[in-house]
Structure formats: C-alpha cells, structure tokens
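J.: This is the structure I want to talk about, given as structure tokens.
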Amino acid sequence: MPEPTKKDETPNGEKVWSLGEGQAPEDLDKPVDTPPLSSLLIERPQGGSITVGGDISFVAKVEAQDLLRKPTIKWFKGKWMDLASKTGKHLQLKETFDRRTKIHTFEMHIIKAKDNYAGNYRCEVTYKDKFDSCSFDLEVKGFSEGHEDAGDLDFSGLLKHREPKQDETPEVDVWEILKSARPDQYEKIAFEYGITDLRGLLKRLKKTKKEEKKSEAFAKKLDPAYQADKGGKIRLVVDLADPTVELKWYKNGQEIRPTPKFIFEQKGTQRILVINNCGLNDDAAYSVAAGEEKCTTELFVKELPVKITKEIEAVKTTVNERIELECEVSEVGAQVKWCKNGVEVSTGPRSRYRVKSDGLKHWLIIDDASKEDTGTFSLMASGGTSEAKVQVELKPLKIIQDLQDMTVLLGQPLKMHCEIFPGNVPGRWYRNGQLIQSNDRINILQRANTLHDAGDYTFVPEGYSQSLCAKIHIVDPPRVHLESLNFPDNTVTIVAGNKLRVEIPISGEPAPRVILDSGHRVRAETFPDHTSLTIDIAEKEDTGNYKIVLQNEAGEAGASVKVKVVDIPDPPEVPLVTEVGGDWCSMTWEPPIYDGGSPILGYFIERKKKQSSRWMRLNFDLNKETTFEPKKMIEGVPYEVRVFAVNAIGVSKPSEPSKAFVPLAVTSEPTMLVVDDVTDTTVTMKWRPPDTIGAAGLDGYLVEYCIEGSKKHSIDIVTNKELTEKTKYTITGLPPEAKILVRVRAINAAGASTPRTLQHSILVKEVIEPPKIRIPRHLKQTYTRKVGEAVNLVIPFMGKPRPKVSWLKEGQTVDPTQVTIRNTDCDSIIFIRKAERKHSGKYDMKVEVENHVDTAIVDIQIVDLPGPPQCVKIDEVWGGNVALDWTPPKDNGNAAITGYTIQKADKKTMEWYTCIEHYHRTCITITELVVGNEYYFRIYSENMVGLSEGATQTKDSALIVKEGMQLKNPEYIDHDFKEPPKFTQPLINTFAIAGYNATLNCSVRANPRPKVIWMKNKIAIIDDPRYRMFSNQGVCTLEIRKPSPYDGGMYSCKAINDLGDALVECKLEVKGQFWLEGYLVTCGVCYPPVYSVRCLDSMVM
C-alpha cells in the first residue's frame, strides 16, 4: 500500500500540489455525472515528442454547424490538473473561429518544454448535453534534473522534491495502521508519518472502510493503489468471475492498446496488465471494464533519493582569488541546492555566484572572492547534504608610493596620489583627523575650492593598521568681486541728496592692501573681506569713475566703479495750444533741457479754468509723447494747461501755464437729407437738424447745389441772401431735365459744419407716380358700427400729380346729403355724423392719375337691436318640465342672432325671472318647475348690439300638474350632420411690408373634417420653410415668414372631403423699397406685378 500523497514544498519554500489532491481511487468506481460521449471533435490532438527547451502545439477542432453557441473546452494534465489556471510564459491556450467554415479551433502551446512536462494530457469538449474527450501523451527527451524548476506543469514529478529521511526505516503500510487505529489516534499517526492532508486522509479512509458490494464480473478487483519505482516494472492483476467476458484496460479514461510498454497477459481467470520501464508519465489512474462493470486503481511512480558520493572540500584563500566548490552526486541531472550559512545562494544574472553541472559533478564558482565570502557552504540533495568551510583573508599591504606634501593655488585641482599593493583595497580619507565623505566635489580627484581644504590629509586602507599622510598648503592671489554687487556695467546709481556707501567684496591670502584713487569728498575704509566708498551727501558733481587697486604677495588686481548721481528733471517748456474744438483742444510742448540724469518716462498734464486756482490732472497714466488732447471741457469757458516731466527719480516742477483758450465747435452735419418734391423747374429738399449742436447754437442752414459735371457749387439763398432756419427749402429757376447735386451746411458762430450731400444726382423733371390706395388694416374686413354712432374713416393713398378720387355705393353715386366725403392730396375721408342702417353697404373707392387707376372696396355694416322672436309656443308639458319652441325674429338688426334669453313668470305674481341667457337654439326644455304652479314664458332675441327691446310671450300658460300623469315619449329622427365644405369667412385681399410676417385667414365648415390645401398662383404649397399652415376649430391660417416682393400673388385655400370641395382666393401684395438713381422705387408684387417710382423723403419712408 503506497503512502498517501500530500502537499509538498519545493526547495525554495513554494507550495505545490501533488496527485494526492485529485480524486481518490475509490471515487473512480462511482459513476460520474458526465454527458455521454458524442462526436463533437472533428480533429483530435495527437501525442508528440520533443526535446527539453523545445516548443510543441496541440490542436483540437469542433464543427459549429449545429451549435447555437461556442462549446466549452478544458485541457487537463494527468487526471485532475486543469491547465486553464497554469497559463503563462511556458503554456498558452488559444481559441479561434472561422466564420466561413463554421469551425472552432482550440490550440495548446507548450513553450520551452522541461523534462517534467512529460506525461498524459486530456482534452474535454462540452456543449449542453453533448460531451467528447480525447487523451494524448507528451514525451520530453533529454531528461536533466539539473535544470531549473519545471514550473507550474510539474505535479507528479514534485514527489522527488521531498526531503528524504536521514535514517533508513522499513516501509510501513499506513493504511493498515489507520484501519486498525482508533479515531482519536488519526491525527497523531498522520503527524508521525508526515501526512499533512488529514481531511483528505479521513475522507479516503471512510470510503475504504465501506463494505464493498459483491461484483458479478470480478472475482477479485484491482487493489486501490499500486506503487512502482522509476524505471521498474509493475503488474496489475484482476480475477474475473466469467472468463468469457470481454475485458478493456484504460489509462486516464483512454483505452490502452498492446505495445512493448503495455503487455496483456492471461492466466486462467486472471487478467494481467504489465507496465515495463515505469516513468513519470505512467503515474496515472488505471481502470478495467468487464462488460458493464468497472474497477479502478491508481499507480504511483516513486523516484529514488539522490545521494552525495563525493563531499565538498574546505577552501582557504585570499581576496580577489577564484574559488571553486565541487561535489559529486549519485544521479545524472539531479536537482541540488547550494546554500551559504543555511541560506540558499542566489545564482541570478547579477549574482557573484555561478553554478554549473556536468554529469554527476556540480560546481559553485566565485570569480572574485572577498572577505564577505567567508562562511559555511553546503550542497543539498534529496538523499543527503554536504558542507565545507570557506575562509578568505586579506593580502599583506605594501606601500609602493607614499603621499607627498603640496602647495596649491586656490581653485586649482588638488590630486593626492598614492600607490599600494594590493591595488584594489578600499580605504578612507581624513583631513585634520575628520573623515572625508565622498560627494560630487571630493573624490579620488579633489579640487581645492576653499581655504578650508588646506590641512593634513591621511589615507587609511580598510582592514589594515597602516596609513599614508601628507600636508596641503593653499595660496590665493588678490581679487575684486564686483560681480557680486549685481550692478549693471559696474555702475552705482544714487539719488542726489542721499548718502552713498558702496561695499566692494575682496579676497586674497594673505589679506591684500587696498589703494583707492578718489576725490576729496569720498572716504575709503578697508576690512579683511571688503572695502567701502562713502559720500555723505551726493551731488551732481560726484558722478565719475573710481579705481580700486589690491596688492599682496601673490600678485596685484584692480577694478573700476562708476558712480552716477541722478535727480528729478527740469520743468518742460511752456505748452502751446494748436487747435481747439467744442470740448477738446490739441496741445504740444518741448521736453525739459535737463532730464535729471535719467531718461524721461512721460508727462502729466493739468488744466484749470482761467478764473479758478484749482488745477485738475488729466492723465493718470504717463503720456509718452509731447502732444496731448484734453477733452470734456465746457464750451465758451476759457482754460489754461500746464505740463510736468517724470523720470525714474520723480516728478519735475510744473511748466508755465499756456495762454488762455476758449473751446468752441461747429455743429455736426444736418441729417436725413432727402428729396421732397420735383417739378420741371424746382426741387424741394427736406432734412433734419444736426445731431450735435454746440454752445454756439444754430443760426441757420446754407443750401448749395451744382449742375452735375461742374467742379464748383453755386449757392442759392432764399430772400436777401439770408440763412434759412427751416429744414425745408425749394430750389427754383432750375433748367428742365437738368441733373443737379445738392448739399446742406449748418451755420453757427463757430462757422459752417461739414456738408450733408445727397448721394445721387436729381433729375429736374416731374415724375408721374401711379396711384396706390393704402387701406388701413381694420378696414380690410367689414367695418361695423351701431346705429346712431359716428363713422369717420380716413383712407390714405399715393400718387402724383394730385390724384382724382371718386366714390360709389353699390354701383351708385354716393348721396352727399347722407355721407360726407372730403379728399386731400394724400387721403380721402368718409364721415357720417349719425349712422343709420341704410348707410350699410360696399363703398367703391377709385383713385386716378392720368391713365393710372387704383380701386378699393370698404364694407360698412350699421347694426341695430334685433326684433323679438316669433311664434313662441309651449310644445309639451310633463312632470316639472316644459318644452318651448319658437322661430327667429324677422328683423335681426342687420347682424347675426347670437342667442336668446328665456324668462318665466308665475301666473299668480307675474314676476319675471331669467331661466337661461345666451341660448343659441330655437327650442328648449325648462326644468325644475314647481308642481301645482302655472307659468308663462317670454323670450328675448340677442345680437352683437344687445337684447331686443321687446319680448314675445306665450299665449297659453303651462300648468304643472301633480303625479299620476304619464309622459308621452316623442319619436325623434336622427339628424344627418354631414355636409360638404363651405367657407363661412373668405380670404381678404391683403397688403404686406417686405421683411414683416404676413398672415392669411379664412374659416370653413364641413363634416367630416376636410383636408385643407394652400396654393400660390394655383400651385400647391408643400414643405416650403417660408410658409407655416395652421388649422384650429375650422379656422385656417397661412403665415408667410418675412415675405419679399416676389412672394406677392394670388393665394387660394381649398377644402376637400368626401361630399365635395370649396375654394376661396385673395390677392397678396408685398411692398418693397430701394433707391435707383436718386429715386425711391416702391415695388408692389401682386399678380401681375406693379412698380412705381417716386421721390420720397426718408421720414415718410
């Protein structure tokens, strides 16, 4: 019985899993819940053979023609290890899918194979209730156990990493001990025999103790487990109850075929499987099937421990020598571990230690030995350990060249050189007994940067008692350090009146003597590290160069310092005012003669009223130029200005004030100059006053004109050559059909303004303007007034010369005694003092200019109170209800009846009470009447003016009788509400202004709801973003967004349903304006388009 497997530890302490964590042999007898085998794999992975370090790939293919999703695939090594969690640098799994052939391809790549990768592998494919499996072997040639760790795929081979027991003890059958032991002794036995997986042990023991069922096929089954040595031979024997039963052997679920390795033997009822030359890949689960029954076992292949045949020899040497530790083991390619003082030696690329092996021999090599390599080195194998001591000593010190005393200039390199044997011995440097730490400035080569580097230097080799000494002396010549003053160009600037003290750093060893070449007002003082120059009160005359000379034994040095005394500048010259405006002036001045030794940075400007003594600064930012324009002054008030100069020191005294000046400005040019009227000999111009009129006011206007083509303007002045104060002027005496240019100037005390010139020339010729009636918006629909009210309508029109206006009513001349009509040059007025119903009707207006005619229609409706309803009668009485019926009044007051008011009165009191108001129908049922009372009813008609003056009363009364009466239900005939489309409100001719939205409205009644189509010039409007169409409660609206003159024309609205169709039309005219050679062209595009040209002043526009 083999020893139960457990979790082992590799030599480096990492935990790995052995086969013992897999399924117990007893569990293999139980049926596994695996789907039945089916042919999912169309290409199965085939076994292969590679050498150590080689690459190999295994491919499995599954046809997905009948699969709805990707199948699940798993790769195993041995019985239980799932390789999906072991992917890395040595193992890669890859999946691809070919959409054209509908084939899934699964690949397993083993990279840089190691000897322990050999063994049996298995591929399992699952899809819903389908299952397929394939087993294949991998053989790795050139086994060498001296290679690096096998990696994650090493599992059964990990058995060889177990630490062998030092004492040889006979094999013990742990299973027999556990079976006969009490449960409280299990833990003690597991600890004694090195079993760590106690839980798995108890689980397997429990299954082992179960009473086995008697088998019908097997007289004796396979043992639960077998153990064989590596390279040995094993026999698996099973005894059959029925020798005629067909027998099959399996390894990890795959059938075993007879080969020289696997030999099948038969001896009576016994069937024997012989496995020759057992290897690690034979460590697997084996089963035998006899008919429907099956028994299983597990084979463990055991490796022999590696023993040490030649011990390591002790080594004693000196530093920098080569050390080789040699050891010989009992097996070629065995895995060993080198340790120093019990700690494993690192043999990586950056390590000082190298390991090599050749056959049974193993070496640890140290190329350059040091004292740190002293210690106990050991080699550990699975069958033993060998130790040896290594001792590394120093070599004797020999001084070849000692340190020399030196004198060095300050700042020069200081190189102290000595030569000893051995040459690579490290050491420490000391200065005056203090340890010198290595840094960026001091190394083996040292630069003497400071005087503190002088002193006694000592070099002490590490590990030796001897030392080397030398004395260093440093000399420094004199120097003047002007650069540390940070003065530009070595110039010291001081403000006049202040004290000047300049400290100039100096250096030198020994301390230098200072000689200063200076004037009688300068005091010089000398200190060990600097010299100073002092002037108590600086003046302009102190400006100059001062020379300093340093002397000592090492040499001489000199330098110059420039002193510059600065002050505020002199005041500028008197400013001169060169130009004056309405609230501003332009001034200039000369810079000051002396700038104070510092450049002028700018100027400050101040002003004041002449009568005032208070100056006001005009700029807070320095003015860089010598010109300035003061602004925001009051016209007519005299002012004076003055200037200050500014440099880096301060502000100068003010200049002398300028001569007094008075701001006064002409007006701005006249505005809105347009042509008002043109005849054959005159041109009338209109304009507006200037936007800006100064304090000098406005005296009048000067109108100038010239014939187009002449170079100069001739002046026409109205009456006695005086200025005109009006903003309208008529130029007379002009030659007919001449072209003139006109301009206007505004005149005041300051002079004439810039002229306003008409952009285009004017043709002296009267222009005929076709008439055009401009009906107000509220008159485009029916104009309604009540009887007795006044009617006053003003209808403007255009046309030149003065148009002729005529009115007709219903085709007849308007009676002047009934309607008063008054016409002017630009409008016509209809006036009715007291309107009567006979004044209602359509009034036709006609405007004529020579052969040009324009017409318009004004619909006037005079409304009055309606008459009372007719034939009011009681139709039926039942319960507390009375049904009334009546007919509309004969006289509706020239307006539509909008409703009725019904009242009731008790016969006893005859007091009238309103039952309902604004009722639209001509029949009604009055409810909630008091039983036993007798009622009369009366009805008023109502229109837009109000209720009729009288009411129609029922001739009969309605008696509300008590219960017992029966109601006779009348029979009603359903009313057919279907009707073809009919426009209740037609479209109205409309005028629009270009650029302003225009709307066309009409209303239609129809049942069922009609389809509404809008058309322009009989072409349907469809998906045009310039138009928006609305329809709400029968009201149809067409909105034209910002129309242009080209949007004018004939618009129509068509309503269609199943019973018929209806059409209404109107004319839309869009007004647009533009200038053409001095004339304002008004373009009204309708159908057909009409154009008119007139001279129009911009105010009318």
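Every residue, even glycine, has its Cβ placed from backbone N, Cα and C.
Grabbed the feature section from TrEMBL, which reads as follows:
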- 1-38: region 'Disordered' (REGION)
- 1-12: compositional bias 'Basic and acidic residues' (COMPBIAS)
- 305-391: domain 'Ig-like' (DOMAIN)
- 571-665: domain 'Fibronectin type-III' (DOMAIN)
- 669-767: domain 'Fibronectin type-III' (DOMAIN)
- 771-861: domain 'Ig-like' (DOMAIN)
- 868-964: domain 'Fibronectin type-III' (DOMAIN)
- 981-1069: domain 'Ig-like' (DOMAIN)
J.: State the mean pLDDT for the domain 'Ig-like' (305-391).
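T.: PLDDT averaged over the stretch: 87.
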J.: Under a criterion of three or more Cβ pairs within a distance under 8 Å and sequence separation of at least 6, are the domain 'Fibronectin type-III' (868-964) and the domain 'Ig-like' (771-861) in contact?
T.: yes
J.: Using DSSP, break the domain 'Fibronectin type-III' (669-767) down into helix, strand and coil residues and give each count.
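T.: Split into helix, strand and coil, the domain 'Fibronectin type-III' (669-767) gives 0 helix, 45 strand, 54 coil.
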J.: Would you list the DSSP helix, strand and coil counts for the residues of the domain 'Ig-like' (981-1069)?
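T.: The domain 'Ig-like' (981-1069) comes out at 3 helix, 58 strand, 28 coil.
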J.: With DSSP as the yardstick, break the domain 'Fibronectin type-III' (868-964) down into helix, strand and coil residue counts.
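T.: Breakdown, helix to coil: 0 helix, 51 strand, 46 coil.
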